[in-house]
Each structure stands twice: as C-alpha cells, then as structure tokens.
C-alpha cells in the first residue's frame, strides 16, 4: 500500500520544495522504506524541452528520454532512484491528453471540463506506474494562489479525500522572513499562505518554514495555533551551507519523525545518515582547491547548469578538494586578448547548448586548453566545438563548422535527420515541430581498448543519456585521427561518434552525451572524478 505525501509551496517561489522532497525521500530510504518522487508542473508547455534556459533552467533528461524539470535531478541525486517519463507531468501534457481523448470520442459526447476530466487525468498520473513503493512524494510546482496551480490543487484535494488520512499527507513549504527593524521573524506570510491553501480545501498537516535562523518556541506556538496544526509539526527549514546538509537538518528538526507519526507507523531507531555526514564533512573540510572555468552560453542563470555544477562538486568530493567554478560567458572570448582570462585555471569545461551565439569563444577556449595542456572537458556542444577546433587548426580545414549555423564547407558537425525511437525510424522535416525531436535518453556506447576513457570507465560498454540534434560526422574520422584525435567511443553500430580524446594531451576529452545527469554524491561520475583529478595535477604545475 503506497502512501502519498503532497508537497506544496506558498508566499514566494524558490523556497526549496524540490530539495525538501528529495531530502525527505532520502530520510525515508535511510529508514528502510522504498520511495518514488514525482513533480507536477503547472505551466502550459507540454514539456520544458523547447523552453529557454533563462526561463526554466536546466532540462533534466531521464533514461527513457523524457525532458523534465530540474527537480527530478535532485530526486535522483538524493535517493538514487532513476526517474522516468511517468514522474513529471505538465498542464500542457494533461490538456493535450484530455483533448486527444475528446477527439477520439472517449468521453462519449460528454461536456469536457476541468472538473472532473482534467482533475481525473491528474489523479490518474499521480497514481500510475507504482508497484511496491512505500511512499510516493508528489511535489506541486508553483505557488499556492497562482491560477495555473488550481487544477492540481483540486486534484490532490480530491485524492486526499479518496485515499483518507492513513494514505495521504499534505506538507506546505512557507517563508518566515526576518525583519531587522523589528528584530524578529514574521509569521503573517505563513498564516496567509495556509489560509490560501485552506480556501481550496487543503489542510496541511506539516509546515516547513524557511528561515535564516532558529524559530523561537513562542513563534512555533503561534504558527501552530493560527494554522491549525500540532506545534511539533512546525518544522524549521533552516538555511545551510551545503545542500547535502539538508537531510541531516530536516531529521534534526523531526521532519521524518512527524511523517511516520502522522501515518501511525512506528518511528523505531535513528536512520543511518552516516554517508550524508561523510559527504558534508568532505565538503566542509577539503584538502585543497581547484578552479574550473565553465565556458558557456547561459552563465547568467546557473540553474541552466544545475546538474553540471553538482557533478563537478561530486568530482571534488571524490578527490577531497573544493571545486571553485568560474562561470564565463563564451562571447567575451570573441574579443582580442580576452582568452587570457583562462590563464591560471586548472581545468576548462564547455557544456551543452544550442545556437550560434558564443560559438567562436568556445572554440577558442578548446584551442587554449589544447595548446596549453590544460585539462579540457567538452560535453555535447562542447565536444562538437573541440572537434571543429581540431579540424580547423590540426587538420587544416580553416572553414570547418557546424550546419547548425549555416552552410560551412566542410560541415564536420551535421543534423541528425534520422534516428531510432523504440522500433520506429523517425525523420524530422524542415519546419517541423522542435519539441521531442532530438536523440533523447539512454543509449549504448562502445569504448575502444587502450583509450583513456576505457581506463576511466573500466568497461567496454557504457550507457549514457543524450539530448542533441547534431552529431560529429563520422566521415571525418580518418582525417582527424591522422592528426592525433582519437574517436574513443562509438555507437554500437560504429556510425555515431560518442567520445573523442587527444592521447598526447594530459586530459582532453569530449563526449556527445550528458554524464552530469547520472552523477550522484555517493556515486560520482567517473569522468568528473577523473577530470577533477587531472585538474589537481594541473594545479601543481601552475
């Protein structure tokens, strides 16, 4: 019997509902329970795949090829449970599914309405594809009071009644702002937020109150009184110096204990949080520091690279060093002399991206790393830029480029017009839809014996997650290998280049996939662990 925990948010956005969900999932796991985490997103986009990174942040890709919210990355990193297409839904997808059913006549001529048809579809999603999970944690995106969230709130209200108190718990995340002039935390925003939630028929049983300092007992009593909950269920969600402290902090505040007590389940002994304590200790007490320059396109919004930043941190944890990230807009390197900003860094990483802006700056960064012997890690677009740089400056084809930016001669990177989804071969026509028309999800890759990546992975075959429309043209393999670049990872049929490396360089690797999506604090991705190790060696040379 799966129990459902619904997590909503109020007052303002970005209070940490996703981290709270992930942390609670980790705490329940530490007590021996099996969990699944889900996210309801209230925007009208079918998925975030075509949304601007400045609007949405990172698009997190699952093994089964779903383009989802970045909170699913937190879920995977904290619990280790792989997320799926069935763990993220948007208003756009719900409406699309309902309208498709109406067109097919599934509703037998009924008037299709938000209640019951949209809410029924949401409830069906929440409960679908569950097997033996003890708990399903469902985060509702947005803020209570937003018009977009109303169908989701109504759906979980109905579910709460249908499941009953022995299977449904409502947790609400709010803000307790500190007003310096008054010298105290203010509870009124929380009171009004709960009142707004009550107006749609939901009484929260647990409150997570974001605050930058401990909550005095008198304020807890006040919140409990006005919000109609037990005082011990007013949980302080305190600011911490590392997100890996969050599960420990929530346990100290009694979050997991209150959940079990609500469901009438035995609390038992203390959960084993030793591995979290070890991670926090490594983050707080590193033995050294390395600086990694991240040369990207969306560096003004770091949420666009959320998993990347975490994966680099994981590489630092594995090597017991602090990783200092220098986020650099690639466009600055298109001006004379700016490339010297990279002098003194211990590693250069060019992440994924789309579009022409900043392209030449990324190519210059790859060239700088290659010529100066600085560890270079190119991910997706970053691999393509490394290949273009090598084609221009090693193979002598000065006009080499990507067909993503026009009609270069030669186009060493080209559009994938055909690819396999399941057992069907698909082709994207010019002017067709962009949404979902990429190579998405987990694919096999064969690693060549004797290569650096073969040593790093310690395996002949790997599986990694992809999100791209363009690929390096395999027809340039011989020409590039003749000047020193090795195509060290290929698709099983040998057609698609997945990894390139420069054997004569201390650490120069480009990958077409996104390894950051599979890195976890307790299982750092081997490429990031190796990259940071190479950066440590570089730091001794600078």
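Glycine is no exception: its Cβ is also placed from the backbone N, Cα and C atoms.
When Swiss-Prot records 13, 186, 187, 188, 189, 190, 191 as binding UTP, the matching candidate from 123, 222, 230 it lists for that site is 222.
Record check: Swiss-Prot places 54, 353, 381, 382, 383, 384, 404 at the L-glutamine site, and the matching candidate among 3, 465, 469 is 469. Binding of ATP is attributed by Swiss-Prot to 14, 15, 16, 17, 18, 19, and within the candidate set 69, 71, 87, 106 the record adds 71 to that site. The recorded positions close to residue 353 (L-glutamine binding site), defined as a CA atom within 10 A of its CA, are 380 out of 17, 186, 191, 222, 380, 514. Nearest by CA distance to residue 380 (active site, nucleophile), out of the binding-site residues 17, 187, 190, is 17. Across the binding-site residues listed here (17, 186, 469), the residue whose Cβ sits among the most other Cβ atoms within 10 Å is 17. If you take the Cα of residue 469 (L-glutamine binding site) and the Cα of residue 189 (UTP binding site), they are about 46 angstrom apart, rounded to a whole number.
Minimal Cβ crowding within 10 Å, among the binding-site residues 13, 190, 191, 384, is found at 13. The recorded positions recorded for this entry are 186, 191, 382, 516, and the Cα of 191 lies nearest to that of residue 17 (ATP binding site).
Cβ neighbour count for residue 353 (L-glutamine binding site) (all protein chains, 10 Å cutoff from its Cβ): 22. Comparing the binding-site residues 189, 382 on other C-beta atoms within 10 angstroms of each C-beta gives the minimum for 189.
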